[in-house]
Amino acid sequence: MPQAGNQTSLYNRLVIAFVALGGTTYGYGASIIGSTIGQPGWYAFFDLPATGEPGYDTITTPAIATANGLFSAGGAVACLIFMWSGDYFGRLRNIQFACTLGILGGALQSGAQSLAMFQAGRWIMGMCVGLMATVTPMYLSEMSSPFARGWLVGHHAIFLVFGYMLSSWIGFAVFFSGNREFGWRFPLAFQVLPPIVLLVGSRWVPRSPRWLMSKGLTDEAWAVLQRLRKSPSDPEDLVAREEYYQIEKQLQLDAEKLCQYGGSPWKAVINKKSYRKRMAIGFLTQWGAEFGGPLIINNYAVILYTSLGQTDYMPLLLSAIWLTTAGMIYNPFGAWLHDKVNSRRTMYITGFVGIIITTSVMSAMIASYAGTSNRAGNAIGVLFMFLYLSFQGTFCNTTMYLYVSEIFPTEIRSIGMAFSLFGQFAATIILLQTAPIGFAAVGWKYFLLVICWSIFFIPCIYFFWPETARLSLEEIGKQFGDEVAVHINDATDAEKAVLDSRLIRPGVGEDTTPTTAAKER
């Protein structure tokens, strides 16, 4: 008899991999500014003083900070919109909306004739990324089985960092172009490729079975679940039947309990204690991950490497190599590790311990050797920037998206995911807007923000973050004190045998398809 939750068909894997292009759209769009500010042609076209020239601190630094601030603000606004649009239009439609915004935002930036036009493109691209960052991991989580959810939802982080890596290598390659305008326009134009591919292929992407069932589209939901869980070892589609039955019963139970709040998920989010806890934890998971410093280092890597004695093309090359290690090693390893360690909390805490150690050493090297010719001290600073990523990429980057995609019940999942990712973009607005100013004003001391936050955040995770590994999205409710309608993955063998018998051999005269049984009830 097949084990519940452990089946992932080839079709399921292909859908996950394709939709994870939303992560690439996010990663490339978020990080391309890092290579853009390393292109001399960008400064020349917009008449911005380059590093070391008079007016850099007063003209260029605010322009860079605004580009990052507008991007993050666009993402935050998109998250707030998704609180409503996620359930109203569904997951797939929101992916398509995000693709359209990404194409428009990329076109405006690459074709910019003024700094204002460039900044408008950053805002629109930020909205694209805000939607992608919210809907992609949520969709992947709803399509994944519990025993493989770490790896499958981890595709979002893997493809995200692939976007980072791609932007860095393209930025490095065009640095050597004789056409300085091409050097900054082409990498920005490349932003439109992933969303175009995803938009064109989205017509063949199935809608989330949980969303379909919440809207009463049970036949389509059952057809999708069958294809996702199909296996030669399960000719009676028992795993799909179990999952369908569990989703159906949990939706019924949650709908009954929602009546206490007038049928409004918004009222439940405010008034129900367990939902408030989930909202707070989701927000802080994303907020906390950003205050761990990944975008500070990534987006301002060129500035940091320059301060550590790297010149000419070396900052761009080191940035590309830095992200390649994440895309090829750390994020894939972290996603794989989740289904082996089976503890989101352990992964997250380990990541922040590593962040504290590596950021402390890196800051010490910048404090002692930045601007000097001490090659050993500068080399150690660069080394610990790489070691930082080994912890952040492996243990935090995959966990932050996986965890928030798991902890919310279907009725408030869009609201909860959007609020969580709003926390991420709120944090990036603060950090990316202030980082270049902070580096100019206090130098290495700016990283004390990352270190102090991480020290504070570790005990918060240990004492307040419930474990979610190896439970279905419906069963996770018990970790927050909510009632679970049907236990499957955490049920005893005897309890499962009784349930499976009912699902495979219903009473005389009953149809064996779950959709027919649902209609009869």
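Glycine is treated like the rest: Cβ placed from N, Cα and C.
Annotation comment: TrEMBL describes 15-469 as domain 'Major facilitator superfamily (MFS) profile'.
If you look at the transmembrane segment (63-85), the same-chain residues 6 or more away from its ends with a CB under 8 A from one of its CBs are 29-30, 33, 37, 46, 48, 93-94, 97-98, 101, 115, 118-119, 122-131, 133-135, 299, 414-415, 417-419, 421-422, 424-426, 428-429, 432-437. Annotation source TrEMBL lists transmembrane segment at 63-85 (among others).
Marked as transmembrane segment by TrEMBL: 123-140 (among others).
If you look up TrEMBL, you'll see 152-176 (among others) marked as transmembrane segment. Beyond the transmembrane segment (152-176), the same-chain residues lying 6 or more positions past its ends with a Cβ under 8 Å from any Cβ of the stretch are 8, 12-13, 16-17, 20-32, 34-36, 38-39, 136-137, 140-141, 143-145, 182-184, 186-187, 190, 194, 298, 313, 316-317, 319-320, 322-324, 326-328, 330-332, 334-336, 338, 393, 397-398, 401-402, 405.
Taken from TrEMBL, the feature transmembrane segment covers 280-301 (among others). Residues 30-31, 33-34, 68, 164, 315, 318-319, 322-323, 348, 351-352, 355, 359, 385, 388-389, 392, 396-397, 399-400, 403-404, 407-408, 416-417, 419-424, 426-428, 431-432, 435-436, 439, 446-447, 449-450, 453-454, 457, 460-461, 464-465 of the same chain lie 6 or more positions beyond the ends of the transmembrane segment (280-301) yet place their CB under 8 Å from a CB of it.
The annotation transmembrane segment is assigned in TrEMBL to 313-337 (among others).
If you look up TrEMBL, you'll see 349-370 (among others) marked as transmembrane segment.
For the transmembrane segment (382-404), same-chain residues at least 6 beyond its ends with a Cβ under 8 Å from one of its own Cβ atoms are 133, 137, 141, 149-150, 153-154, 156-158, 160-161, 282, 285-286, 289, 292-294, 297, 301, 304-305, 308, 310, 318, 322, 325-326, 329-331, 333-335, 337-338, 344, 347-348, 350-355, 357-359, 361-362, 365, 416-417, 420-421, 424, 465, 468. Taken from TrEMBL, the feature transmembrane segment applies to 382-404 (among others).
Taken from TrEMBL, the feature transmembrane segment covers 416-440 (among others).
Within its own chain, the transmembrane segment (446-465) is flanked in space by residues 281, 284-285, 288, 291-293, 296, 344-345, 348-349, 352-353, 355-356, 359-360, 362-363, 366, 403, 435, 438-439, which lie at least six positions past its ends and keep a Cβ under 8 Å from the stretch. According to TrEMBL, the transmembrane segment annotation covers 446-465 (among others).
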